[in-house]
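Enquirer: Annotated active site per TrEMBL: LYS201, in sequence order. Per TrEMBL, ATP binding site is recorded for ASN45, GLY46, GLU47, ARG104, GLN105. Taken from TrEMBL, the feature Mg(2+) binding site applies to HIS138, ASP178. Positions annotated as D-ribose 5-phosphate binding site by TrEMBL: ARG203, ASP229, ASP233, THR234, GLY235, ARG236, THR237. Residues or ranges marked as domain 'Ribose-phosphate pyrophosphokinase N-terminal' in TrEMBL: 13-128.
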Amino acid sequence: MSGITADNKKQLVLVSGRAHPELAEAIAAELDSELLPTDARTFANGEIYARYDESIRGTDVFVIQSHTAPINEWLMEQLIMVDAAKRASAKRITVVAPFYPYARQDKKGRGREPISARLVADLFKAAGADRIMSVDLHAAQIQGFFDGPVDHLFAMPVLLEHFRAKLDASTLTVVSPDMGRVRVADIWSDKLGAPLAIIHKRRDPLVPNQVSVHEIVGQVEGRVCLLVDDLIDTGRTIVKAAEALKNAGAIGVVVAATHAVFSDPAVELLQSDAIDSVVVTDTLPVDEAKRFDKLTVLSIAPLIARAIHEVFDDGSVTSMFDGAA
Ligand code: R5P
């Protein structure tokens with residue numbers, strides 16, 4: 001069997017869905033381990049099947065899946081893999097979802113809306129998950145949607161390490177592209193010793209993915225602006241923000257985001273002259289077709305691997321971020 005053995009009784013098993021096997025393989029390599037061979041298929045009518053090729057009875061299983069498009073298919077595959085692990089008598093099952101699916105639907109903005117992020121947590125629980133591990137949840141309160149431990153990891157140390165060497169704090173302003181990211185941007189501003197600015201963004205509740213910038217609060221004229229966001233989907237939020245910053249006199253705009261969702265037309269929009277560089281992690285696959293000159297993709301595998309090791313070893317995930325970066 002693949003996996004690493006801490007003692008004679010406990011065994012760690014890593015399994016991966018089909019959405020982003022490269023990330024799962026990189027995580028396994030960091031742990032000096034291998035992915036357990038799994039037979040996963042999609043039948044002609046769209047139904048998914050998964051079976052582990054070796055026994056996982058009594059093991060500590062981590063089911064890794066990246067929720068990229070088609071997101072519903074990959075979510076279903078992960079649920080089926082958790083169910084298979086439960087029925088194969090795994091001792092403990094951890095869902096590793098670096099990008100939590102449906103995270104943006106975390107509350108009722110208007111009457112008669114779903115809270116889909118909660119539904120996803122319920123689905124994981126019903127399938128048999130004992131715990132969840134994710135990176136940069138869209139809203140921290142999603143942790144409370146799951147009735148069990150949630151390891152909420154932060155990509156900030158990975159991203160900060162990249163920027164520290166490249167940006168001069170004396171000319172830098174950290175910018176939150178909307179009200180939702182102010183708290184996280186504030187931590188970035190503390191870590192980098194740079195002031196904070198906030199963009200007041202508006203969305204049309206009747207038109208998906210459309211945004212407009214109303215106002216910028218804070219000093220951006222003559223500054224290099226570091227826009228930090230949890231995710232880039234269509235790219236409209238970031239590009240509108242970058243254009244507004246440039247119009248307000250910013251001398252440069254660099255972007256840091258954890259999750260590169262990159263739905264159309266993100267790749268085209270992000271090559272705007274208003275943006276100097278974009279840095280993301282590989283919580284989601286970034287295919288060659290989505291890569292462009294200004295883009296840097298950092299590996300999230302070492303962070304997730306260390307968290308898996310801490311969970312398996314009954315160590316501390318929190319300690320990973322004590323004084324981090
Ligand atoms: C919003 O609350 C999020 O943090 C992102 O800013 C947003 O979802 C990105 O979407 P898009 O790239 O489509 O504007």
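Each residue, glycine too, has its Cβ placed from N, Cα and C.
Note: TrEMBL annotation is automatic and uncurated.
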Enquirer: Looking at D-ribose 5-phosphate and its recorded binding residues ARG203, ASP229, ASP233, THR234, GLY235, ARG236, THR237, figure out the farthest C-alpha pair and report it in angstrom, whole number.
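Expert: Among the residues the record ties to D-ribose 5-phosphate, max Cα distance equals 16 Å.
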Enquirer: Could you check which of the binding-site residues (ARG104, ASP229, ASP233, THR234) sits closest to LYS201 (active site), going Cα to Cα?
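Expert: With Cα distances computed to LYS201 (active site), the winner among ARG104, ASP229, ASP233, THR234 is ASP229.
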Enquirer: In this structure, which of the binding-site residues ASN45, GLN105, THR234, THR237 has the fewest other Cβ atoms within 10 Å of its Cβ?
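Expert: Checked ASN45, GLN105, THR234, THR237; of these binding-site residues, fewest Cβ neighbours within 10 Å: ASN45.
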Enquirer: Can you tell which of the binding-site residues ASP178, ASP229, THR234, ARG236, THR237 lies nearest to GLY46 (ATP binding site) in space, using Cα positions?
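Expert: Closest by Cα: THR234.
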Enquirer: Distance between GLU47 (ATP binding site) and ASP233 (D-ribose 5-phosphate binding site) at the Cα atoms, whole Å?
Expert: 27
Enquirer: Pull the DSSP breakdown for the domain 'Ribose-phosphate pyrophosphokinase N-terminal' (13-128) and write it out as helix, strand, coil residue counts.
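Expert: Tallied per class, the domain 'Ribose-phosphate pyrophosphokinase N-terminal' (13-128) gives 39 helix, 25 strand, 52 coil.
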Enquirer: Round to the nearest Å and give the CA-to-CA distance linking HIS138 (Mg(2+) binding site) with THR234 (D-ribose 5-phosphate binding site).
Expert: 16
Enquirer: Quick check on the binding-site residues: of GLU47, ASP178, ASP229, ASP233, whose CB has the lowest count of neighbouring CB atoms inside 10 Å?
Expert: GLU47
Enquirer: Looking at the binding-site residues GLU47, GLN105, ASP233, which have a C-beta within less than 6 Å of some atom in ligand 1?
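Expert: With ligand 1 as the reference and 6 Å as the Cβ limit, the list reads ASP233.
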Enquirer: Give the sequence-ordered list of residues that share a chain with ARG236 (D-ribose 5-phosphate binding site), lie 6 or more positions from it, and have CB atoms under 8 Å from its CB.
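Expert: ASN209, GLN210, VAL211, LEU269 - these are the non-local Cβ neighbours of ARG236 (D-ribose 5-phosphate binding site), listed in sequence order.
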Enquirer: Please tell me which one of the binding-site residues listed here (ASN45, ARG104, GLN105, ASP178) sits closest to ASP229 (D-ribose 5-phosphate binding site), measuring Cα to Cα?
Expert: ASP178
Enquirer: On the 0 to 100 pLDDT scale, where does the domain 'Ribose-phosphate pyrophosphokinase N-terminal' (13-128) sit on average?
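Expert: Reported value for the domain 'Ribose-phosphate pyrophosphokinase N-terminal' (13-128) is a mean pLDDT of 98.
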Enquirer: Express in Å, rounded to the nearest integer, the largest CA to CA distance found among the ATP-binding residues ASN45, GLY46, GLU47, ARG104, GLN105 named in the record.
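Expert: Per the listed residues, the maximum Cα distance equals 29 Å.
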Enquirer: So what sits near ARG203 (D-ribose 5-phosphate binding site) in its own chain, CB-to-CB under 8 Å and at least six residues off in sequence?
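Expert: For ARG203 (D-ribose 5-phosphate binding site), the qualifying residues are GLN210, VAL211.
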